[in-house]
Amino acid sequence: MEGQDEVSAREQHFHSQVRESTICFLLFAILYIVSYFIITRYKRKSDEQEDEDAIVNRISLFLSTFTLAVSAGAVLLLPFSIISNEILLSFPQNYYIQWLNGSLIHGLWNLASLFSNLCLFVLMPFAFFFLESEGFAGLKKGIRARILETLVMLILLALLILGIVWVASALIDNDAASMESLYDLWEFYLPYLYSCISLMGCLLLLLCTPVGLSRMFTVMGQLLVKPTILEDLDEQIYIITLEEEALQRRLNGLSSSVEHNITELEQELDNVKTLKTKLERRKKASAWERNLVYPAVMVLLLIETSISVLLVACNILCLLIDETAMPKGTRGPGIGNASLSAFGFVGAALEIILIFYLMVSSVVGFYSLRFFGNFIPKKDDTTMTKIIGNCVSILVLSSALPVMSRTLGITRFDLLGDFGRFNWLGNFYIVLSYNLLFAIMTTLCLVRKFTSAVREELFKALGLHKLHLSDTSRDSETAKPSANGHQKAL
């Protein structure tokens with residue numbers, strides 16, 4: 001009987017492993033297909049040749065798609081775990097959700113950590129160097145020569161990074177045990193390196209997310225139709241039509257030799273046509289869309305931002321009085337044993353909404369920063385090099401999202417896998433400083449956003465607008481017409 005029980009346990013374990021592997025593969029296949037369509041939408045069509053470069057571009061495309069799929073999986077990791085915990089609590093004995101268990105959740109976290117390391121340290125550097133390689137001088141040109149050059153560059157890059165990590169860890173922790181662990185590549189080097197990358201990703205999120213939270217109001221204002229208050233759209237369309245006709249006549253009257261003026265006029269004509277299209281869209285929009293959707297979305301964004309700042313403020317108080325509030329504190333009850341929110345399923349749904357909102361805001365803030373402004377992809381006109389850069393940036397942000405959400409107290413779900421083993425998560429001063437900086441920077445960005453019009457008028461009244469003390473050009477609202485066809489007024 002004991003032998004039969006042991007065989008039965010092995011069979012159940014085997015079937016469980018097969019089932020979990022199949023589920024992981026199906027989920028990743030869906031993410032990969034979606035990522036492929038996203039990248040091909042922005043990839044430059046002129047890169048599609050039928051030669052050696054085409055093969056290199058195709059390989060880089062597949063690696064970039066894999067990285068983007070891993071990034072999407074890292075974003076969905078925490079929401080999927082939270083909703084799975086609530087489902088298991090609500091239906092503990094349901095036959096149809098037996099596949100959803102703690103083993104599957106832990107496996108997904110481990111795979112996300114493994115693939116994030118693989119993409120960040122191997123696949124993306126390989127794709128970039130392979131795309132830029134030409135082969136060593138004296139060797140026969142071809143794919144093999146480019147692969148050889150890429151491998152050599154990867155080895156040199158690995159030696160450089162390992163040397164930097166060795167020196168940094170030796171300077172920070174100079175005791176005998178730490179010096180012995182420096183020679184352990186798998187157990188120390190890679191987790192320590194990924195911990196440093198995660199810390200840099202969280203710092204990047206700390207910079208991007210407050211900016212994105214304030215920019216979300218501008219972005220949604222450009223996508224939606226604003227209410228028509230004291231405006232005559234027919235008159236604006238008539239004026240813009242006259243301007244379009246005047247530009248068209250000037251363009252027809254110029255000779256082909258004046259190429260510079262023709263280019264400027266064509267660009268100006270395109271801008272006028274775009275503005276006219278947006279004005280016509282505003283005119284065709286229904287009263288419900290103009291007067292209800294826009295205010296409702298703005299109020300919803302304000303509520304979500306306020307809740308995020310309030311949760312961070314509460315987390316700061318919890319950090320000061322309770323040690324278990326630390327991201328690397330005591331372990332929770334486990335998957336499916338207890339609800340992580342005092343409001344049950346409603347609280348879990350709110351946490352998931354806030355996590356997605358923070359991720360979207362961080363991406364918007366990332367592309368709003370001047371240093372990363374050139375990274376913005378353009379439809380059918382984005383080079384593979386820029387696609388690789390975007391994939392790496394999104395991977396760093398998405399990998400740090402679960403850590404940031406737990407550090408800020410947006411959720412109480414314990415970080416699983418390698419995500420919960422970062423050393424800096426146990427440092428009280430780092431975690432407290434991170435929460436304080438996030439709350440202060442978000443508040444300052446929102447105050448700057450909602451007082452920009454008042455500051456502009458005050459600067460004009462005091463004659464200080466010539467000194468360019470108020471930087472509102474990033475919002476593109478006071479300097480030029482918005483996407484809705486009218487300028488922002490006080």
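Each residue, glycine too, has its Cβ placed from N, Cα and C.
Copied over from TrEMBL, here are the features:
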type	residues	note
COILED	255-285	coiled coil
TRANSMEM	20-39	transmembrane segment
TRANSMEM	59-83	transmembrane segment
TRANSMEM	103-131	transmembrane segment
TRANSMEM	151-172	transmembrane segment
TRANSMEM	192-213	transmembrane segment
TRANSMEM	292-322	transmembrane segment
TRANSMEM	342-367	transmembrane segment
TRANSMEM	387-404	transmembrane segment
TRANSMEM	424-447	transmembrane segment
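Below 8 A, the CB atoms of the transmembrane segment (387-404) and the transmembrane segment (103-131) form 3+ pairs separated by six or more positions in the chain. On the 0 to 100 pLDDT scale, the coiled coil (255-285) averages 69 in the predicted structure. Counting same-chain residues at least six beyond the ends of the transmembrane segment (424-447), those with a Cβ under 8 angstroms from any Cβ of the stretch are 195, 199, 202, 206, 209-211, 213-214, 305, 308-309, 312-313, 315-316, 319-320, 326-328, 403, 407-409, 415. Between the transmembrane segment (192-213) and the stretches 20-39, 103-131, 151-172, 292-322, 342-367, it is 342-367 that has the most C-beta pairs under 8 angstroms. Using a Cβ-Cβ cut-off under 8 Å and counting only residues 6 or more beyond its ends in the same chain, the transmembrane segment (342-367) has close neighbours at 75, 78-79, 82-83, 85-86, 90, 204-205, 207-213, 215-216, 219, 304, 307-308, 311, 373, 375-376, 393-394, 397-398, 401, 404-405, 410-411.
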